[in-house]
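J.: Got these off TrEMBL a minute ago, pasting:
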type	residues	note
BINDING	8, 10, 94, 201	divalent metal cation 1 binding site
BINDING	128, 151	divalent metal cation 2 binding site
């Protein structure tokens, strides 16, 4: 049976400071052996590198997340370039646009600059979206980016097809464990299997039945079970594809 990769989890966050080793052990017990950990602020990047040295199979990325737009300063882009130059990053991320966060024009400037860096360093991007999928796709096309993942995809079938045409994967996690998420569940059931990655977004985006609790990679099996129900392919084929899709996108192994 193929191992599992949590393709999007913030294991550097303070929410895990008290029991990080135990949390990772719980993940390993259910078959989650690799973790893609995207950075969100400049302040966290050194910590990401430090934790990657301490724990096995952490694949890290560096980015400036739109949610923290008020913390990002102009020199952080130069510092991002330096981090990417140092090597060791599997992607530029987590980056993107969020219509519920302030200063969308500053967000766009920041995203444009980070997409440029991704192109320069030939890295995929990990994209955050909220009511911005179409706008972001235009920017991605303009930047010539043809590899990446739309994290926590929640768009329409048509939007999914447009992103897949651009060479992107769709991140699937806790959302599909909720029966009420009809649009997303239907879309995820229809897109090509090779376009999907499995993720938790730990410590956020709890699975159905775990609302109000801290999310963690061990719970990814709940999202996997929901995906099994939505897909027509045999379970071992789904699981193996999720593994291969993630290795391929992030050039792991």
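Including glycine, each Cβ sits where the backbone N, Cα and C put it.
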J.: Roughly how many Å separate the Cα of residue 128 (divalent metal cation 2 binding site) from that of residue 94 (divalent metal cation 1 binding site), to the nearest whole number?
T.: 7
J.: Fewest other CB within 10 angstroms, which one of the binding-site residues 10, 151?
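T.: Selected from the binding-site residues 10, 151 on minimum Cβ neighbours within 10 Å: 10.
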J.: Determine the Cβ neighbour count for residue 201 (divalent metal cation 1 binding site): the number of other Cβ atoms within 10 Å of its Cβ.
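T.: Summing over all protein chains shown, residue 201 (divalent metal cation 1 binding site) has 22 other Cβ atoms within 10 Å.
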J.: Around the divalent metal cation 1 site (8, 10, 94, 201), what further same-chain residues have their C-beta within 8 angstroms of the site's C-beta centre?
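T.: Along the chain, the qualifying residues are 9, 37, 38, 40, 126, 151, 199, 202, 204.
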J.: Taking the Cα of residue 151 (divalent metal cation 2 binding site) as the centre, which of the binding-site residues listed as 8, 10, 94 lie within 10 Å of it?
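T.: So the list reads 8, 94.
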J.: Does DSSP put residue 8 (divalent metal cation 1 binding site) in a helix, in a strand, or in coil?
T.: coil
